[in-house]
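Reviewing the structure listed below.
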């Protein structure tokens, strides 16, 4: 099964999204609509992958190139319609000598369009000897979709858009999904005769099927799962499709041995991995390339972004970005871990702790009310509440190193850059500005002054 070219239509604005950015750049389960469709199309390994752009063309083109540097960008002119988009694409590809064989055409507003459905569509097209094949589906409510009109023998006659359909045509439940396979020669001939004499005043690609009948057989392949070809036109549809899909994702993980107490409030993106016997509690969001190990507990009300949580760890009511949580380590509640943290095993970051680029050793605990940034903490060290590593001098971030076996008193301030050795004890309220050797106790001599008979200003 060789595809000469794949054309992804991404030129539209998507006005019903009411957005300042193109519809194709909205996110679904962690990826843009455009990238999700490009993902599925790329699996078929077409000789050429082209993306047609128009509205905010540079922005969409940049998104496409960030996915695939070799993608061919086609700029659609101001003549509207999907038919015109394909005319522009075929003209550019033909001039470059990049098209001779089956051509896949797909809209970019179907975030669940999958490679398996596309593979079966192309196989059906080739096996049937069709000049053109349209991917269809059956909907209980086909409102808004182009209807597939067949003859008495079941052959595809044409596709009628919603605004151009008569009463009997509107009753048809088989609809066009805006995904097609054409033989290049048939497509070239079919799009040459497109006209804009319709309610929208656009060049419809659907009209090309009628012309294609004269050049080759036209067929239809029904998508096995209607969800894979469901389009998104507004944010209401986006929310509904996201919820349906997320429920499927949660069910898949539950069948694979993961406990999810409330799938309705648990959101898991596609690239997340979860180990057996892990538990995900309500209100949790697992995003990006997050990995949750076996027997780990996440939640409730926790967000993990590109984070690895090893086996047996617990992350409760916290937000964690680009960090690694070691085995049996406890995070939370109300902990904020910014990017770059590395926790050993059996460690702890407790309530109202913020960390950034911190290396926390095995068994080391930062129980509460502390900021640890650009710091290395050894093994089995305890950090008292209210401790701050002052890492920023106004220009540069500086590092704090605290060794193993240390006991840091409450309310300590470490003015970086500073190094503290192993087995060091610091007194409460200490300000540590200079290096401290191992096996040392350090404290700041802050003199307490009592002013007797004092009255606050408002009582004087």
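Heads up, the Cβ atoms here are built off N, Cα and C, so glycines get one too.
Lifted from Swiss-Prot, the feature list:
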- 1-235: region 'Pyrophosphorylase' (REGION)
- 9-12, 23, 76, 81-82, 146, 161, 176, 233, 338, 356, 371, 382: UDP-N-acetyl-alpha-D-glucosamine binding site (BINDING)
- 109, 233: Mg(2+) binding site (BINDING)
- 236-256: region 'Linker' (REGION)
- 257-460: region 'N-acetyltransferase' (REGION)
- 368: active site, proton acceptor (ACT_SITE)
- 391, 392, 428: acetyl-CoA binding site (BINDING)
Residue pair residue 392 (acetyl-CoA binding site), residue 23 (UDP-N-acetyl-alpha-D-glucosamine binding site) - Cα distance, angstrom, rounded: 41
Integer Å distance between the CA atoms belonging to the residue listed as 'active site, proton acceptor' and residue 338 (UDP-N-acetyl-alpha-D-glucosamine binding site): 16
Under 8 Å by Cβ from residue 391 (acetyl-CoA binding site), same chain, sequence gap 6 or more: 373, 374, 375, 397, 398, 399, 400, 416
Cβ packing number for residue 176 (UDP-N-acetyl-alpha-D-glucosamine binding site), 10 Å threshold: 25
Tally of residues which DSSP labels helix, strand or coil - the region 'Linker' (236-256): 20 helix, 0 strand, 1 coil
CB within-chain contacts under 8 A for residue 233 (Mg(2+) binding site), separation at least 6: 14, 16, 17, 23, 109, 144
Folded-back contacts onto the region 'Linker' (236-256), same chain, C-beta under 8 angstroms, at least six residues removed: 17, 26, 28-29, 111-112, 227, 230, 263-264, 266-268, 270, 274, 276, 280
Largest tally of Cβ atoms lying within 10 Å of a Cβ, found at which of the binding-site residues 81, 146: 146
The one of 9, 11, 428 whose CB sees the fewest other CB atoms within 10 Å, among these binding-site residues: 428
Spatial separation of residue 368 (active site, proton acceptor) from residue 428 (acetyl-CoA binding site) - C-alpha basis, Å: 15
Neighbour-count leader, CB within 10 A, recorded positions: 23, 338, 368: 23
Listed binding-site residues (371, 392), ranked by Cβ neighbours within 10 Å, top entry: 371
Euclidean distance between Cα atoms of residue 368 (active site, proton acceptor) and residue 11 (UDP-N-acetyl-alpha-D-glucosamine binding site), Å: 51
